[in-house]
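Features of the protein shown, as given by TrEMBL:
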type	residues	note
DOMAIN	3-275	domain 'Phosphofructokinase'
BINDING	Gly11, Arg72, Tyr73, Gly102, Asp103, Gly104, Ser105	ATP binding site
BINDING	Arg21, Ala22, Val23, Ala24, Arg25, Arg154, Gly185, Ala186, Asp187, Arg211, Lys213, Asp214, His215	ADP binding site
BINDING	Asp103	Mg(2+) binding site
BINDING	Thr125, Ile126, Asp127, Arg162, Met169, Gly170, Arg171, Glu222, Arg243, His249, Met250, Gln251, Arg252	substrate binding site
ACT_SITE	Asp127	active site, proton acceptor
Amino acid sequence: MKRIGILTSGGDAPGMNAAVRAVARTAMDNGLEVFGIRYGFAGLVAGDIFPLDSEDVAHKINTPGTFLYTARYPEFANEEGQLAGIAQLKKHGIDAVVVIGGDGSYHGALALTRRGFNSIGLPGTIDNDIPYTEATIGYDTACMTAMDAIDKIRDTASSHHRVFIVNVMGRNCGDIAMRVGVACGADAIVIPEKPYDVKEIADRLKAAQERGKDHGLVVVAEGVMTAEEFMAELKKYGDFDARANVLGHMQRGGTPTVSDRVLATKLGNAAVHLLLEGKGGLAVGMEHGEVTAHDILDLFENTHKGDYSLLKLNSEVSK
Ligand code: F6P
């Protein structure tokens, strides 16, 4: 193996640049040439491929977004897209590819491996919805960003004695909601993976008001429903002075936290070492503090399980 390519794919996540840097620097340290591929699989198919040197990844470890840019490109699921991508890899003499992204990106990495180009997937998404890793690159930063925003919402909520319903991202995964909900002292956390009772939440908010609490906070994962919809449900059980807030894409921005930078660096480094061993079709993650690698097929057959004990914890401490 002489040349590797790196791409970021799907929704961007803070720490993707740190991962690209780790892949590039580890590869260079092991005598490989490195190519960046812009705009994920769309750029691969279009041939938007350029050589990366050590300086190109300097001052990147602390930067948000992805300097390789990204795209959602479902067309790579088709044979036509894959063959076009392979043709571009051959044209540039690239032997293997590191893919940094979420679930969809792993399908692309597996397709490349099956077509003879070893590819390793790294979990780059704020959602934390990937199995076989205790954290995805970007999750910690997104939680920090959401926590910071909700702390500010709480300021105004307290001044007005209002209840705020706040939507956080996560697609169908409630991890951001659970972690941020606990960190912000939410009265209730609502996630798609577990049942919830709107009346019980309304009663809890009323009881808190009666105790003299000057604000209410319900963190609702976007996979459940919109904050507006949840507020309408809530108002069926009480005359709340409530406001709905959607944090949205701001959760994907910002400087990566120390956890995300270190995670990205460890996983990026491991990906290159696996490729040097001639391995592909693997997803690299962090389990119990150790870097691990699993067959991508195992990922598709398993679903991520969040730390649902956070719901009970929050329920006990937020009354
Ligand atoms: O997967 C990351 C994520 O931010 C999800 O939390 C969210 O549901 C989705 O991407 C939004 O996607 P887009 O930016 O394409 O609207």
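Note: Cβ is positioned from N, Cα and C throughout, glycine not excepted.
Here the features listed in TrEMBL are placed on the structure.
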{"residue": "Arg21", "record": "ADP binding site", "Cβ contacts under 8 Å, 6 or more apart": "Val57, Lys60, Ile61, Thr265, Gly268"}
{"residue": "Val23", "record": "ADP binding site", "Cβ contacts under 8 Å, 6 or more apart": "Ile4, Ile6, Val34, Val98, Ile100, Gly268, Asn269, Ala271, Val272"}
{"residue": "Arg72", "record": "ATP binding site", "Cβ contacts under 8 Å, 6 or more apart": "Ser9, Gly10, Gly11, Gly40, Gly104"}
{"residue": "Ser105", "record": "ATP binding site", "Cβ contacts under 8 Å, 6 or more apart": "Ser9, Gly10, Gly40, Phe41, Val99, Gly121, Gly124"}
{"residue": "Asp127", "record": "substrate binding site", "Cβ contacts under 8 Å, 6 or more apart": "Gly11, Gly102, Thr136, Tyr139, Met169, Gly170, Arg171, Cys173, Asp175, Ile176"}
{"residue": "Asp187", "record": "ADP binding site", "Cβ contacts under 8 Å, 6 or more apart": "Ile201, Arg204, Leu205, Ala208, Gly216, Leu217, Val218, Ser318"}
{"residue": "Arg252", "record": "substrate binding site", "Cβ contacts under 8 Å, 6 or more apart": "Gly11, Asp12, Ala13, Pro14, Ile126, Gly138, Ala142, Met169"}
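Of Arg25, Gly185, His215, all annotated as binding-site residues, the residue with the shortest Cα distance to Thr125 (substrate binding site) is Arg25.
Candidate binding-site residues: Gly11, Asp127, Arg171, Met250. Those with a Cβ under 6 Å from ligand 1, in sequence order, are Gly11, Asp127, Arg171. Same-chain neighbours of the ATP site beyond Gly11, Arg72, Tyr73, Gly102, Asp103, Gly104, Ser105, judged by a C-beta within 8 angstroms of the site's C-beta center, are, in sequence order, Ser9, Gly10, Gly40, Gly101, Thr125.
Nearest by CA distance to Gly185 (ADP binding site), out of the binding-site residues Tyr73, Asp103, Arg243, Met250, is Arg243. Comparing C-alpha positions, Asp103 (ATP binding site) sits nearest to Met250 among the binding-site residues Lys213, His215, Met250. Taken residue by residue with DSSP, Arg243 (substrate binding site) is part of a strand.
The average pLDDT the prediction assigns to the domain 'Phosphofructokinase' (3-275) is 98.
Counted over every protein chain shown, other Cβ atoms within 10 Å are most numerous around Met169 among the binding-site residues Met169, Met250. Of all Cα pairs drawn from Thr125, Ile126, Asp127, Arg162, Met169, Gly170, Arg171, Glu222, Arg243, His249, Met250, Gln251, Arg252, which the record names as binding substrate, the longest spans 32 Å. Listed binding-site residues: Gly11, Gly104. The one with the lowest count of other Cβ atoms within 10 Å of its Cβ is Gly104.
Largest Cα-to-Cα span within the ADP-binding set Arg21, Ala22, Val23, Ala24, Arg25, Arg154, Gly185, Ala186, Asp187, Arg211, Lys213, Asp214, His215: 57 Å. For the pair Arg25 (ADP binding site) and Met250 (substrate binding site), the Cα-Cα distance reads 29 Å. For Thr125 (substrate binding site), the Cβ neighbour count at a 10 Å cut-off comes to 29, with all displayed protein chains included.
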